Amino acid sequence: MHPDREAYLVNRNVLSRRVLAGVALAALALTGCASNDNSTEPGSNSGGDSAYANLSGELKASGASFPDAYYQEVIEAFKGEAGKVTVTYNATGSGTGKKQFGEGLVDFAGTDSLVKDTDGVAAGSFLYVPTVAAPITISYNLQGVDKLQLSPETLAKIFQTDIKTWDDAAIKADNPGVTLPSTPIVVAHRSDGSGTTSNFTKYLDAAAAGTWKLGSGDTVNWPASTQGGEKNTGVAQIVQQTNGAVGYVDLSDAKATGLKFAAIKNKDGQFVEPTIEGTTAGLEGAEIAADLSYNPLNAAGATSYPITAPTFIIVKTSYGDAAKADLVKGFLTYLLNDGQDLAKEIDFAPLPASLKEKALAQVDKIQG
Amino acid sequence: MTLTNKPPTARSTLSQRGSSALGDRVFSWWTLGTGLLVLAILGLILITTVREAWPAFDAMGLRFLTERTWDPNPAAGDAIFGALSFAFGTAISSLIALLFAVPVSVGIALFLTELAPRRLRGPAVTVIDLLAAVPSVVFGLWGILVVAPAMVPVYQWLHDVFGGIPVLGSIFGPVSSGRNFMTAGLILAIMVTPIITSITREVFSTVPRADKDAALALGATRWEMIRGAVFPHSFGGVVGAVMLGLGRAMGETIAVALVIGGATNITANLFAPGNSMAAVIVQQFGESTGTFTAALIGLGVVLFAMTVLINVLAQTVVRRAEARMKGSVA
């Protein structure tokens, strides 16, 4: 079984219990409503239910695998609110998602990267809706070292194998007072094309400009002596199995594998550990463009964790079908309101309030 | 064709012959059609893949085959797509696989046809066929979770023992983790063993009883009988079996993608990570666009060409060797 898939199934088990509880609550609320039929204003809690309960139909989506766990949680929870709506999200990867969206095969697509000319999506025909973000950890496995701090320049040198052992002067300079062994460094990276690689290398491009020479993208030309792993779990496994290994892994997989993460020096010169709070702080510090594309990498702010991956859903500006547009709007409104509360438990960072408002305004622009 | 000469005899025979002549005609068209269908499918696959891969071939020219760099998103300049590193990975991992799988498979097949007690044959064959039924992703997961970590001390020991010797030292080089050409080769060896075993077993069982009895009657030991009667008679078939195994090894995707290490690398060191063509396609296709996609399809074309080339080569070898071996021994 696919590792991501497995994680998802585990999540789902946790979830189904929650959904059951939710259904039970909803049932209570319904019986409550039935007993006093003439009440015109239902309680504020059950008010949300009726907003989605009238929707019915099917939504198909595909795209980025990075937010897949979160989207599946939201879809499951949404079932409890809108029983007549079926939403499916296939984690095909951002590239395929955008391609399918451009061909009209799916109603919306998830993507970690912005739309390029070669993606097959016409400019002006779509809107970005930011949904959630997550920190990318620098996970490491080094016997005897439990706390590690890295500056962007050191990080760049490690990942392009300019630094070959853990007791290198540059690493020592970042970690005063820590005894570092002379273990050789094993760099682990993604072997599959990945938005995580893209965000990580973009971060190094921005934060370690002049030092980082490998460029940025879904796939970069890693030095021959590095190791590639399939998906986040593959990289996490290499780090877990190899003393001296270091790799970039999303927070939920790094936690699930029990890895240690380094604190990274942010733009304000502070060493910050990857946490949900640090990530949301990073989102607040990010500059947000008019089309809501934004870049939280290397964001300002003393508590910002600098390596944060944003992710978007792209929707059509106009669906030419009022019912379909309502469905998309309904699902995304749910995701941006109640759905945001589900993020933290599975190690995704919810959007800060300001960005959430903008995202909701963006959803309102969708036309039938 | 003989279908046309219907002899003008009695009506009953006429009608009978008529119907069987129709059967013959249908049969011959059917077989001709299916035969041509295979060629047509192969041709169409080749045409469409080459067409899809054309933007990459056009951009890279012959460098697509000779360049070892694979950089879809370079820091500066155009993307570089070179298949050489991955072709090397495909070749070396398949070679390791055959190196381990062929002696084992031939051994098992000989045991089953010549030595094993009749009661044991059935169950043994079933077990080997079961091995072929295990999905490749299971082999891959077993590879990264069990084999790779377990083999690290073995690799380390080999490196410590042979590391100082000139040529062997570079083959058994430094070990970083268990994901490398060697582990990929070992996993592939296990995956191709059932194929090679079951075909060689069939081939060995077609050796005429008379040939074997004759050898034994002349005073040959069992091994001499196998060498003198079984091997020459079945050489072509065994090579065919090995080729089928090689085809599976070269085309194997997910198991190799999981254990080979995912690095763009050409090195003599079998304990270094690398990558194979099929693995790269499955890893990178999802997030690729434009010329990058074309380049990945181009890898498929190269793999296809390599497989065809090796098969043609094998057939030539078999034809020559068979003529010689049969001539000399018989």
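One-based numbering along the chain as shown.
Cβ from N, Cα, C; glycine included.
Predicted automatically and left uncurated, TrEMBL annotations should be read as such.
Positions annotated as transmembrane segment by TrEMBL: B:26-47, B:79-112, B:124-148, B:154-173, B:180-199, B:225-246, B:253-272, B:292-314. According to TrEMBL, the feature domain 'ABC transmembrane type-1' maps to B:87-314.
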Practice item. Using a Cβ cut-off of under 8 Å, list the residues of the same chain at least 6 residues beyond the transmembrane segment (B:180-199) that approach it. Key: 89, 92-102, 104-106, 108-109, 125, 128-129, 131-132, 136, 139-140, 142-143, 147-148, 151, 155, 237, 240-242, 244-246, 248-249, 252, 255-256, 259-261, 270-274, 276
Study note, to complete from the structure: The answer for the transmembrane segment (B:154-173), taking Cβ pairs under 8 Å and residues 6+ beyond its ends, is 180, 182, 267-272
**Study point:** Two-stretch contact, the transmembrane segment (B:124-148) and the transmembrane segment (B:292-314), at least three Cβ pairs under 8 Å
**Key:** no
